[in-house]
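As recorded in Swiss-Prot:
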- 32-52: transmembrane segment (TRANSMEM)
- 53-73: transmembrane segment (TRANSMEM)
- 199-219: transmembrane segment (TRANSMEM)
- 225-245: transmembrane segment (TRANSMEM)
- 273-293: transmembrane segment (TRANSMEM)
- 302-322: transmembrane segment (TRANSMEM)
- 446-466: transmembrane segment (TRANSMEM)
- 498-518: transmembrane segment (TRANSMEM)
- 527-547: transmembrane segment (TRANSMEM)
Amino acid sequence: MVIVVFDLLPRVGLKPRDYLLRIVLPALITSIVLILLGFMLFSGIILYIYLLLPIIILVSAIGYPYIALDSQKNKINERLHIFITKFGTLSITDLNRKDLLKILSEEREELGELAKESEKLYVLTDKWGRSLAEACRFLAQRTPSSEFADFLDRLAYALDSGEELKEFLIKEQDIVMDDYAAFYKRMLYSLDMYKELYVSAMTSIAFFLAFSILVPFLLPYNFVFMATIALFAFFAVELLIVVVIRNRLPFDRLWHTGEKPTETDIKLRKWLIISVILVVILLPFLLWAKYIVGLSPFSQMPYMILVALGFTPLAIGGFVALKEEEKVKRKEFVFPDFLRSLGDSVSAKGGGMVSSLEYLSNHDFGPLTHDIKRLYKRLALGIDSNKSWRLFGFDSCSYLIQLFSDIFSRCIYFGGDPKTAAEIISKNFRKIVQLRKSKYQNIQQFVGVVYGLGGGLALALFASLGVAKMINDLYSSLSIPETVIHILNIAPISNVDVVEYIIFGSLIVYSIISAILIKIMDGGHKFVSLLHFVAILWICAIVAYITKLIVSQVLGVSVPLY
């Protein structure tokens, strides 16, 4: 196994010395320190559970080349659609093969790992004097992605057969896009797996939280201490799941990556600031009215509803962001039609880009029409073509439109045929949009699961708390000798309300992390998570209050319900 690990190091760009000194040695030292601390601080079953941590760290360090190689494979596959579209459209220009590879190797932001693979092809052909076919075969044996390796093998065979690069890449579009579609569908399957993982983890943590509420009646542990430990464990597990899912999901963002904020970005920030200001004003006022001055009707409101009401203004910024996100999706839906129409019009008029845009700007392309008119005005004023198209992509707020409109403009700039370029880009773009529809449906199911799970957590935790309060009231009403109290650990607990606040705090943590996770999985705008946070928090608050009300009636616990 050691030999296999060292054989993989060159493929992930590591020397054996760097691997041992930068990864294995720090992991080994950390594991030893953790093991020593474990033997000093813990014993029994807790020690065995704790020792899993240094073992995981050490195994991860040893298996780092496998992890890095798998990560490279995913990063290559997730950009295949961009690579084949850019490669195909640029191949119909006047660029020679070396210049084409050089351009691809410089697109680090757009192509990621595929830019590095293109750089290897460029170095092999330019510096080492290899033919493109030989370079493709050499790289196909070393790339971690089987899909990309198959593409390189097909390219090498076509070039050896005397086929033109342009003709091959135009025919290859459907094949590579089918490979990308298969990869995307596997990603959707992994989303289902992550949903199951999240539900299982949250169910287990809910059981642990419920157990931590009742265990002080059975074992000599402090009530508040157990609840606090459970809260931190809850937070740590949720955060770990988010990190794992974020690192495993392929890159598929919706929003643009422009450095300067667009009008839409400024609008969203304005509404976010308004929402935050309202929360800063409303939440302290509600708490002051209830707990300090006892102002009616706030003093009679349950604190769960009060907190949810205080955070509700955040939904304003989230709702505005959701509307803009839906508008971006509609823009992506009509973009292929616009580009195909533009390509046909420019080709028919013999290269009149400005006149074609003037004609198309009078047609209805939904929410994209405004951006098309701005593009026409920029080009009519003589602004640089590439810059105008780049600004068009940013104004659309769509990452896909940003990328593919830039590909189209560069193809035209280098002398490519507008009609052919538009056909390649629009066809591939349409396939990506169709794949995304499946993902959005999958995410909607996950949103329903998260909302329902929030209610389930609130029900389980506050039901357990109601039982704990009943037992506590029972012990308080009994005259038990002090000797028996110390033997059986049945002393009444005086800080039950603190534990209740800690439990509700765990539901707030769940609402925050779940809302963030939803946007990580769908790749949308992060501000929309505010709307999900408020919705989940309201569900948790309402279910918690109703559960507390029902438990108090069923078990006869005389506790204040507000």
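Glycine is no exception: its Cβ is also placed from the backbone N, Cα and C atoms.
Remark: the transmembrane segment (446-466) contacts the transmembrane segment (498-518), by the rule of 3 or more CB pairs under 8 A.
Packing against the transmembrane segment (273-293) from elsewhere in the chain are residues 299, 301, 303, 306-307, 309-318, 530: each is 6 or more residues past its ends and has a CB under 8 Å from a CB in it. Beyond its flanks by at least six residues, the transmembrane segment (527-547) meets 268, 272, 275, 302, 304-305, 307-308, 311-312, 314-315, 317-322, 325, 447, 450-451, 454-455, 457-459, 461-463, 466, 504, 507-508, 510-512, 514-516, 518-519, 561 of its own chain at Cβ-Cβ distances under 8 Å.
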